[in-house]
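According to TrEMBL, the protein carries these features:
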- 537-551: compositional bias 'Basic and acidic residues' (COMPBIAS)
- 561-575: compositional bias 'Polar residues' (COMPBIAS)
- 532-575: region 'Disordered' (REGION)
- 48-68: transmembrane segment (TRANSMEM)
- 74-94: transmembrane segment (TRANSMEM)
- 199-221: transmembrane segment (TRANSMEM)
- 241-261: transmembrane segment (TRANSMEM)
- 282-308: transmembrane segment (TRANSMEM)
- 328-346: transmembrane segment (TRANSMEM)
- 355-372: transmembrane segment (TRANSMEM)
- 384-403: transmembrane segment (TRANSMEM)
- 433-452: transmembrane segment (TRANSMEM)
- 464-486: transmembrane segment (TRANSMEM)
Amino acid sequence: MRSRLKEVLKKCESDHVPNLSHKELFLATTDILPVADDKKTWGSWTFVGFWVADCFNLNTFLIASSMITAGLNWWQSLLCVIVGYTMVGPFIVLNARPRAVHGLVFPSVCRTTFGVFGTFWPIFTRASIACVWWGSHCWLGGQCVHVLIRAIWPSFANIRNTLPASTGTTSTNRLHNFPCNLLALSLPTIWVPIHKLRWLLFAKAIVGPMAGLTLLGWSVQRAGGAGPIFSQPATLHGSKLAWQMVTSIGDCFGNLVTLIVNAPDFASRAKTPSASVWSQLITMPLGFSITSFLGIVICSASAVQYGQPIWNVVKIMETMLNGADSKTRAGLAFIAMAGWDFKALFPRYITIRRGGYIAAIVGICINPWLLYKSPQTLTKFLAANGIFLACIAGPMISDYWFVRRGHMRINDLYVADKKGWYWYTRGINRRGYLAMSCGFAINLPGFIGTLQPSIKLSSGAMRIYYMMWLTGPGVSGLAYYLFCLISPPQGMNRHFEEIDESSGEPRIDHRITNMAQTQNNQETTVLNVIDTNSEIEGGRTDGDDGDREVSPNEGSALRQRVNTDTNTNTPAPQV
């Protein structure tokens, strides 16, 4: 039984160089090595397309709409959006910069701060939240499929619901979500390598804004113009209004904190380090602000039309379908189509593609539709998202910019060497975990108070929590820097210079590539020798003019030449 299990695990292993130890397989698999130069294909305009494609999605609309339902008016909501996303920009650029310089991906970068064997918790946290985002976006995409089908076949809305209300969904929603969206639209994208995604991003960057602007114009027209929309007052005043605006800024931060943490994954594909700076610093806040403005106006228009704001854009489109004519259904069908939108934990067995499949399965099993049950549910998730991931991003940024000041040793990221910079204490950096805990602890009381409103907490604790977009990364980053001052790690520097201290040594990714190439050459040589000797023993050989008989003298000469060529190469393994 045990041997059978070993055989199954052997077949499940990801691509790697044979004959490596377990530690080497954990640290240096193909997917987490520095990105090769031929895969660095993202220029400045690719990053622009990436952010335009990313900002025009339903989730951005919903976050902006939730501000209206929380009691803000249109300009207060827009101000929160501009401030929130503008503050996210520097975090992304700061965390992406060292990765764009050295071509490192997120699992490798984590090792600089948490140690070569200490990255399990940060990566597990990031992967878990990625599963939630995958499932939630697939669910929203499935809702758009529902609108599309209703626009084409109105009778689809008459299908009887056989699911109880406690499930939070309906039979029709479950029917179209899994086969139509998950299988047909989401999973195929896993097969596209990251460095080749730019064409898909450019396509979405064109179609997404077109759909958003179309729905905006439609909503304003149905509301009787822009005047009634922009004249709606806020329902909050005084300190309640001020702290709701602070909370709304945090919602914007929570929406993008996942991209702050894994900024290395796309910045590592930059052609030059500068390609990922201004293109992100300007495009990201501008794109999300424009998209959020559309969501704010559309939600405000729904309040004029239906007497109360509808925060879910898909629900607005479904409401438009009630009694709609063929032209209305055709327009909503176009908008709905435009709305479609764990490797490093066990690198020996999980590839990027397998990790995508795991995220897809887990993302559906967690019932993602419950996130969109109400605006409060979504904002609570965004806050929790921000707390956990912001406390990871803070120490990572602090390590590169303030502790080691741009100095790195790339080779030490992929070896279990006690003399390496990132070995720390048995491969784990206690400073990183202590700093992360500090950032989480300061926000923990407010987080508990939000989950359990019956628990009475001081206003100060809650206000610290409302500012988690600042206290989370700020406290954890500062704590990491102070811990490093008390107990300096290897590589701590006073002068800033972006340099690889191991540049004089053979790069680890080059060594592994050479090992693989050498082994392939050896195996090819051995197989050629076997084939040639078999042909010689059989008295035949292949030529341009077809098969012909080989004389004993020719066979002896050919065998001697093969043996001579083989002896000049690196000794081949036994076959």
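Glycine too: its Cβ is placed from the backbone N, Cα and C atoms.
All annotation found in TrEMBL is predicted automatically rather than curated by experts.
It is 48-68 that, among the stretches 48-68, 74-94, 282-308, 384-403, forms the most Cβ pairs under 8 Å with the transmembrane segment (199-221). Long-range neighbours of the transmembrane segment (433-452) within the same chain, counting only residues 6 or more positions beyond its ends whose Cβ lies under 8 Å from a Cβ of the stretch, are 114, 118, 121-122, 380, 383-384, 387-388, 390-392, 394-395, 398, 461-466, 468, 471-477, 479-480, 483. Among 48-68, 74-94, 241-261, 282-308, 241-261 has the largest number of CB pairs under 8 A with the transmembrane segment (384-403).
Among the listed stretches 74-94, 282-308, 464-486, the one sharing the most Cβ pairs under 8 Å with the transmembrane segment (48-68) is 282-308. Same-chain residues lying 6+ beyond the ends of the transmembrane segment (282-308) with a Cβ under 8 Å from its Cβ atoms: 47-48, 51-52, 54-57, 60-65, 67-69, 74, 77-78, 81-82, 85-86, 88-89, 92, 212-213, 215-216, 219-220, 222-224, 226, 228-230, 232, 252, 255-256, 316, 319. Proximity of distant same-chain residues to the transmembrane segment (74-94), defined by a Cβ-Cβ separation under 8 Å and at least 6 residues beyond the stretch ends, is recorded for 64, 67-68, 229-230, 232, 234, 241, 245, 248-253, 256-257, 259-260, 263, 276-277, 280-282, 284-285, 288-289, 292-293, 296-297, 300, 393, 397, 400-401, 469, 473.
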